[in-house]
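Asks: Following this message is one structure expressed as structure tokens.
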Amino acid sequence: MHINTPVLLAIIYFLVFAPKSADAWWLLSKTDTSSANSGSSPILCKNVPGLTPQQKRMCHENPNIIKYLISGLRSALHTCEYTFQREAWNCTLTLPGVGTSPLQIASRESAYVYAISAAGVSHSLARACSKGLIDDCGCGETPQGSGSVAVSQASSRSSSDFVWAGCSDNVKFGNTFGRKFVDQYDRQHATEPRSQMNLHNNRVGRRLLVNAMNKECKCHGVSGSCVTKTCWKVMPKFDEFASRLHQKYQLAKLVTNNDQKLTVRSSPSAGSSGRSERFARNMDASSKQMRNELIYLDASPNYCAIDVKDRECGENCPNICCGRGWRTTREIVDEPCHCQFVWCCEVKCKTCKKLVERNYCL
């Protein structure tokens, strides 16, 4: 299935919405970053309407950091579209024929987009830091007090012995800079229910990224032996993280505004169990139990009102096509086959023809 570019999605979105909003910074996703580096300081944000003075200042003072922030935003939108490609809402930012967008509605879809965008920015900045691409940051912090120490004699050590070393992804920097930039508008309107929702979901995205970090290790020794093992912390691939966040989307909690405080309502969430709903009933959205849960204020729009004609629906046609039926086509495609490893270091493949079936909504 062809995936539309996230840049195009963002452009379409901002043709629909007034940029004077919490979403104005998304306009950066269509900004040309090719000349942004530590040696030159083009004002990447000068033509982006709706940014706060603080965002404009950060953009002017940190062009190289903003370049990777933009890259993270683009990655988030692209990954969102890929994750939802087989669902009724495929992460499109406009609803043809409806005259609105999911992001104008404080829905579970909006909750996911905010969370994935905040995490995408942090992911991109954290990885750029660990690669030495940003002068203002370096490797992430090394965990302390692990109690696992490598020993000199391989025969007397267990496979779990290691020392923290190497270069961890700097998620702390990514989250800190991302929060200061992305959350700027909503922090200034923190008494408004929609801004409270946005800030909560941004925090969830960043917190889940930290929680998803894994230990990666490398052995050191003669002839492949593991006399010493060093380990560091790395983030998961972003598409893997997006899949985990999708589970949170399915279990997102409906909240209501109660005297400028968001409270979880006892309304069923997609894929949730009655037990989990009873547990969350009448719970403050800022409570400890809700720290890792997405929240939303409004029901989702009717995605069956969208013109889905000719949309590829895969194995989920009854849901995506909304009962309008679908057609199946058979196509011959080229794909690599009979691949062989050629020393050193190349993989050579032949090209084979394959008959595939594709389903499209009527």
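Glycine residues also receive a Cβ, built from the backbone N, Cα and C atoms like all the rest.
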Asks: Which range, 183-202, 263-282, does Swiss-Prot list as region 'Disordered'?
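Replies: Checking Swiss-Prot against the ranges 183-202, 263-282, the region 'Disordered' one is 263-282.
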Asks: Swiss-Prot pairs Cys349 with one of Cys322, Cys339, Cys361 in a disulfide bond, so which one is it?
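Replies: In Swiss-Prot, Cys349 forms its disulfide bond with Cys339.
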Asks: Just confirming the record: what cysteine out of Cys317, Cys322 does Swiss-Prot connect to Cys313 via a disulfide?
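Replies: According to the record, the bonded cysteine is Cys317.
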Asks: Swiss-Prot annotation: Cys322 disulfide-bonded to which of Cys304, Cys337?
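Replies: Going by Swiss-Prot, Cys322 is disulfide-bonded to Cys304.
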Asks: Based on the record in Swiss-Prot, give the one of Cys226, Cys231, Cys321, Cys337 in a disulfide bond with Cys352.
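Replies: Recorded partner, per Swiss-Prot: Cys337.
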Asks: Of the cysteines Cys226, Cys231, which is paired with Cys219 in the disulfide recorded by Swiss-Prot?
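Replies: Matching partner in the record: Cys226.
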Asks: Of the disulfide-bonded residues Cys304, Cys317, Cys349, which one sits closest to Cys129 (disulfide bond) when you measure Cα to Cα?
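Replies: The smallest Cα gap between Cys129 (disulfide bond) and any of the disulfide-bonded residues is with Cys349.
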Asks: Of Cys80, Cys313, Cys352, which disulfide-bonded residues come within 10 Å of Cys321 (disulfide bond), going by C-alpha to C-alpha distance?
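Replies: Passing the 10 Å Cα cut: Cys313.
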Asks: What residues, ordered by sequence, lie under 8 A Cβ-to-Cβ from Cys337 (disulfide bond) and sit at least six positions away in the same chain?
Replies: Cys349, Lys350, Thr351, Cys352
Asks: What's the number of neighbouring CB atoms sitting within 10 A of the CB on Cys217 (disulfide bond)?
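Replies: Excluding its own Cβ, the number within 10 Å is 14.
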Asks: According to DSSP, collapsed to three classes, what secondary structure does Cys352 (disulfide bond) have?
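Replies: In the DSSP reduction, Cys352 (disulfide bond) maps to strand.
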Asks: Using C-alpha atoms only, work out the spacing between Cys167 (disulfide bond) and Cys219 (disulfide bond) and round it to an integer in Å.
Replies: 15
